[in-house]
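Here's what TrEMBL has on this protein:
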type: BINDING; residues: A:46, A:61, A:91; note: Mg(2+) 4 binding site
type: BINDING; residues: A:46, A:91, A:230; note: Mg(2+) 3 binding site
type: BINDING; residues: A:62, A:63, A:138; note: Mg(2+) 1 binding site
type: BINDING; residues: A:63, A:91; note: Mg(2+) 2 binding site
type: BINDING; residues: A:70, A:281, A:335; note: substrate binding site
type: BINDING; residues: A:137, A:138, A:162, A:232; note: ATP binding site
type: BINDING; residues: A:233; note: Mg(2+) 5 binding site
type: DOMAIN; residues: A:44-154; note: domain 'PurM-like N-terminal'
type: DOMAIN; residues: A:168-318; note: domain 'PurM-like C-terminal'
């Protein structure tokens, strides 16, 4: 099958984002308004085309998922597709951006129609869930490799950055942490033992394979915070990026980390805390904000139905990890893409 | 080495595009003007950020190069880097767009410092040659896979599209055709025989490994043409895209195809024509324009120092390939990414 046929058959979607028209006019390739960012042209020419009115900025994020590194190739293609798009949409959430569109470049070792159908269905349902249309890309033959570039928009200077933390800020996170990392370890165990999953284990598995970045909350949050990122490498490591870029320190209170009942059931209290602190793949938000915004932030989260936890505060220097006020030994296992340090 | 160190060491460049300030203000991440498209933020946060003033549109193109499919892994990494960027910049030329920035996602099987240094040098020199800064990306571990997404800008509706050919239009191409495809065949021969390259063979090899898309010519051309694309799959196949999208036909005059002396010397007249008609990887421009614009187009090309050839005309239906007015048997060998048609 030629590349063009493949794109036409599996990657050309009709979208219907009409259930929330106020929020999605910017996303529809057919939107007529020139006041909102819009996709002028999608799949079919040499390039996709966007218009970004003056009061907006376009933000761009790109992520690659490689077979055996970021997912297991025996995972259902629907889940691989969801995860690939969620990881990129999470970077948009990390900036407080509204999704505009994405491009998909995929290398495939061979063409299994069944796999492609599943992957295509997963891309379509995830793009509908995140309200972000596919507008172009590239298919090539080669070892399985999935690259997504996601485009979003922010109103000028209404965004979350890494270098904006201030002394005294609260540190917050959304959702629960550590579930995905625990599921990964679990997967290796269950692969060996071939046991069925318990309800708690299934919950962890869902967190790993179906992450839901808090997009809308992040966008509204830019009213009360200008510093944040998404947790993909583990809370401690990712918070480290904020501290480095903002040239400050932090105190983390481990007892305040959001740990789900499922994680505590499967891993026990002590190990659950390590997962929450150092596990990766959470795709939740970590952000900082002045103490004076606490009430507004709590109200926003309640309105959006998003769980948030206040887990520490920004200090002038160094990262202190405390459990009930006493030093906590963190077992860092953060993801490093290249470990052969030569 | 951690991903962050790798990006810092090999993919963080200081650019100096100052030799042509009129043309490059749009490209510099530090440009202060808000009247031109600009990169507000490059490498270092979750996303890159662009501003695209109202009278402009952003065009986006993405292409993946896979080891063994699009290049030979034993090729010098400088040349692989140049080719990867050139292929994407060529898609910007195909739209008549001005380069703004690009992102690079690379999967590497292991970290050879020597290879990375060469690849990094190649990316830097190509990005300087095309005046397009690297603003972000992703490095992962996996089989060698290079994905580039290139961003360019056009003034609203001043661009080359595939669906704009009109009955009676002239068909034009830039540069010489067929050299890259001939070099590919030659490479396979010389690999076996280990012979040194003649001057003509070297010229073909350079066309394959160091393509130079006619970016500036394409941008100026949008005054006189609104239909074009780049020749990457072979002239006949790519012209086919124009004919399909514009719902028209064409007559091609094979004797008018631009064939270099080098190609004729290496391949002979008959085979050179086949290469010009059906070879891929040319990264030249094919465009159509009203006959009334012939003089203006010839003058523009002369001013820009770009070779152009008028090779046929748009008809109402079907593609006729003629040599001195008589049917010419075209041996199509156009690139198909997936041939197992199941």
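The count begins at 1 with the first shown residue.
From the backbone N, Cα and C atoms, a Cβ is placed for every residue, glycine too.
The DSSP secondary structure for residue A:70 (substrate binding site) is coil. Residues near residue A:281 (substrate binding site) in space but far in sequence (CB under 8 A, at least 6 apart, same chain), listed by position: A:180, A:181, A:184, A:208, A:211, A:232.
DSSP assigns residue A:62 (Mg(2+) 1 binding site) to a strand. The two recorded residues residue A:162 (ATP binding site) and residue A:63 (Mg(2+) 1 binding site) have their Cα atoms spaced 18 Å from each other. Not a single one of the binding-site residues A:70, A:137, A:138, A:233 has a C-alpha within 10 angstroms of the C-alpha of residue A:91 (Mg(2+) 4 binding site). Averaged across the domain 'PurM-like C-terminal' (A:168-318), the predicted model reaches a pLDDT of 93.
For residue A:137 (ATP binding site), the spatially nearest entry among the binding-site residues A:63, A:70, A:230 is A:63, judged by CA separation. Checking the binding-site residues (A:70, A:230, A:233) against residue A:62 (Mg(2+) 1 binding site) with a 10 Å Cα-Cα cut-off leaves nothing. According to DSSP, residue A:230 (Mg(2+) 3 binding site) sits within a strand segment. DSSP states for the domain 'PurM-like N-terminal' (A:44-154), grouped as helix (H, G, I), strand (E, B) and coil, give 36 helix, 47 strand, 28 coil. The binding-site residues examined here are A:61, A:62, A:232; by Cβ neighbour count within 10 Å, the least packed of them is A:232. A coil conformation is recorded for residue A:281 (substrate binding site) in the three-state DSSP classification, outside any helix or strand.
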